[in-house]
Amino acid sequence: MKVTRFMFWLFSMLLPSVKSQASETEVPCNFSRRNYTLIPEGISTNVTILDLSYNRITLNAADSRVLQMYSLLTELYLMENNIIALYNSSFRNLLNLEILNICGNSISVIQQGSFVGLNELKQLFLCQNKILQLNPDTFVPLNNLKVLNLQGNLIRLFDAPQLPHLEILTLDGNPWNCTCGLLELHNWLNTSNVTLENENMTMCSYPDELKHDSIKSAPFTTECHSTFISTITEDFQSTRNSSFNSSSHNLTWTSEHEPLGKSWAFLVGVVATVLLTSLLIFIAIKCPVWYNILLSYNHHRLEEHEAETYENGLTRNPSSLSQITDTNSEDTTVIFEQLHAFVVDDDGFIEDRYIDINEVHEEK
């Protein structure tokens, strides 16, 4: 029992502090019904909730520059002003904005990049304007959008928005044309988990036979379904081809223009070092062999040159060849002089007196 009381007391003590912290983080500023034509610049930059409703603000370029000063805004209310168009990057610096209400203006044009930068936006109210058509790509930056209100405009056809977190969609009060052009939205409403607000009031205005039907339950003709299927097939093929072409183009562009990263630079350095080292080793091994081949080639060329020179000399001086031949023959001729007379013995043998004299001397 004491523990329970202590827990209640602790909770009661912490609750006021939590409320005070929340009140400290929220800084509201109410400038509604001030007859302003421009967004004031003297507001604290810490403002988180800004109400500028029921003025004469047009949200021109000057207003967009002033809005950039209030980057901490989480809620912005611009109802019942004189805004006729939303231009590209009108809210580009409001990175924390979660609620944007621009109902009750005269907006007829919404450029494709109007909501760039509103990545945290969760609720968007564009009701009671003069919007005729919307590019579905306009909502692409709104990845966290949960509530979209397009009530009371002049929209006749509308493609299914690519909003992954959308929960509530309000479309009543528009002159919907329930022909084949609206079949995609019709199928999307019946297959997605999005809740169509005021479904029984979101009625077809054309054709006459469908005026009492909701756009979600209207019976579309068989021709519309067949046309829709063929359109999906064509879109898929074109998307696949364009994706392949764009990917190949991006790959080519990247390979040609994208700077190499550190890993590529390191890899190139390693390869260059290995190639240079291999080249040096190859040169060190092959240099002696190449030197011997070059030396033998030079020696061979030298011998050929001497032989050619010798032959050329002989060809030019044939007389010298005869002289050299005569000289060589004289030098190599050996003339023996007969010092002793040979005596023919009775037995038919020739006696050499030189031998006999030597024998006599030996006997003596």
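Cβ coordinates come from backbone N, Cα and C, glycine included.
Here's what Swiss-Prot has on this protein:
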- 21-264: topological domain 'Extracellular' (TOPO_DOM)
- Asn30: N-linked glycosylation site (CARBOHYD)
- Asn35: N-linked glycosylation site (CARBOHYD)
- Asn46: N-linked glycosylation site (CARBOHYD)
- Asn88: N-linked glycosylation site (CARBOHYD)
- 94-117: repeat 'LRR 3' (REPEAT)
- 118-141: repeat 'LRR 4' (REPEAT)
- 143-163: repeat 'LRR 5' (REPEAT)
- Asn177: N-linked glycosylation site (CARBOHYD)
- Asn190: N-linked glycosylation site (CARBOHYD)
- Asn193: N-linked glycosylation site (CARBOHYD)
- Asn200: N-linked glycosylation site (CARBOHYD)
- Asn241: N-linked glycosylation site (CARBOHYD)
- Asn245: N-linked glycosylation site (CARBOHYD)
- Asn250: N-linked glycosylation site (CARBOHYD)
- 265-285: transmembrane segment (TRANSMEM)
- 286-364: topological domain 'Cytoplasmic' (TOPO_DOM)
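Structure with Swiss-Prot features highlighted.
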{"residue": "Asn30", "record": "N-linked glycosylation site", "contacts (Cβ under 8 Å, 6+ apart)": "Asp51"}
{"residue": "Asn35", "record": "N-linked glycosylation site", "contacts (Cβ under 8 Å, 6+ apart)": "Asn55, Arg56"}
{"residue": "Asn46", "record": "N-linked glycosylation site", "contacts (Cβ under 8 Å, 6+ apart)": "Val27, Leu72"}
{"residue": "Asn88", "record": "N-linked glycosylation site", "contacts (Cβ under 8 Å, 6+ apart)": "Gln111, Gln112, Gly113, Ser114, Val116"}
{"residue": "Asn177", "record": "N-linked glycosylation site", "contacts (Cβ under 8 Å, 6+ apart)": "Arg156, Leu157, Cys204, Ser205, Tyr206"}
{"residue": "Asn190", "record": "N-linked glycosylation site", "contacts (Cβ under 8 Å, 6+ apart)": "Lys216"}
{"residue": "Asn193", "record": "N-linked glycosylation site", "contacts (Cβ under 8 Å, 6+ apart)": "Glu167"}
{"residue": "Asn200", "record": "N-linked glycosylation site", "contacts (Cβ under 8 Å, 6+ apart)": "Ser214"}
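When averaged over the repeat 'LRR 4' (118-141), pLDDT in the model lands at 95.
Residues in the repeat 'LRR 4' (118-141) partition by DSSP class (helix H, G, I; strand E, B; coil) as 4 helix, 3 strand, 17 coil. DSSP assigns Asn190 (N-linked glycosylation site) to a helix in the three-state reduction.
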